[in-house]
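Annotated substrate binding site per TrEMBL: ASN9, TRP10, LYS11, GLY173, SER213, GLY234, GLY235, in sequence order. Residues or ranges marked as active site, electrophile in TrEMBL: HIS95. What TrEMBL records for GLU167 is active site, proton acceptor. The feature phosphoserine is assigned by TrEMBL to SER213.
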Amino acid sequence: MRKKVIAGNWKMNKVLAEANQFIDDVKDKIPNNDNVEAIVCAPYVHLPSLVDKAKGTNVKVSAQNMHFEDNGAFTGEVSPVMLKDIGVTHVVLGHSERREYFAETDETVNKKVHAAFNHDLTPIVCVGETLEQREANETKALVGDQVKKALEGLSEAQVAKTIIAYEPIWAIGTGKTASSEDANEVCAHVREVVKEVTSEEIAEQVVIQYGGSVKPANVDELLAQSDIDGALVGGASLESESFLQLVEAGAK
Ligand SMILES: O=C[C@H](O)COP(=O)(O)O
């Protein structure tokens, strides 16, 4: 059985004291079992402190982005070498907000996925369609294409370790969740695409999350679906209590 991965993406929220308090609040309450992995995706400036606080706990710490180069003249950027150096384990790549506001493309996402593996970081690769694309019945083609481009050139072992987050853009921060059946249909399609580019064995290992207005009230139904292996959660991950409820749902 695939484990469930619950990742809280704080986006550009919390000052350091709030971030630290969150880890203090959850660290002894995260279920200690193999069914679930809990990850906090925090702003860069909080990462060293959170990695330190999370040591010896079941909370993993992720960045929300990174550059694909190891170092160089890229003012304002943070590299995979730097993230690895401070003990970060995961990195979110290709979030729709990065694609929309910061010119992230399928090509840069692919470079970043390779860079993540070169430095032993686990990528959480985000894919998803706009409302217009969904209404035009383009969801599967678009998402499949994003997945293929993100995984291009990876070894099968690397694909197996990649976490893919399906996030319909129209469901992010809107309170609108895809129905669990619709979300599962796209996640199952993502798995089919992974199978096409690798094998059934690898596709069965890949963790595929759903993201978009996930909250304690809808998480059980989503996680009960055959191809949804976790959640990438924005708003509902900001409060420790609600994050814990989501992780507990994953541990069932
Ligand atoms: O990364 C998280 C997603 O963008 C979902 O955000 P949300 O749970 O606030 O809709």
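Each residue, glycine too, has its Cβ placed from N, Cα and C.
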Neighbour count (Cβ, 10 Å) for the residue listed as 'active site, electrophile': 28
Tell me which residues of the chain lie with their Cβ under 8 angstroms from that of GLY235 (substrate binding site), as long as they are six or more apart in sequence? GLY173, SER213, LYS215
The correct three-state DSSP answer for GLY235 (substrate binding site) is helix
Apart from the site residues ASN9, TRP10, LYS11, GLY173, SER213, GLY234, GLY235, the 8 Å Cβ neighbourhood of the substrate centroid comprises ILE172, VAL233, ALA236, SER237, LEU238
Neighbourhood of ligand 1 - binding-site residues from ASN9, TRP10, GLY173, SER213, GLY235 with Cβ under 6 Å: ASN9, GLY173, SER213, GLY235
Nearest of the recorded positions to GLU167 (active site, proton acceptor) by CA-CA distance, picking from ASN9, TRP10, LYS11, HIS95, GLY234? HIS95
If you count Cβ atoms within 10 Å of the Cβ of GLY173 (substrate binding site), leaving out that atom itself, what do you get? 12
In angstrom units, rounded to an integer, how far apart are the Cα atoms of ASN9 (substrate binding site) and HIS95 (active site, electrophile)? 10
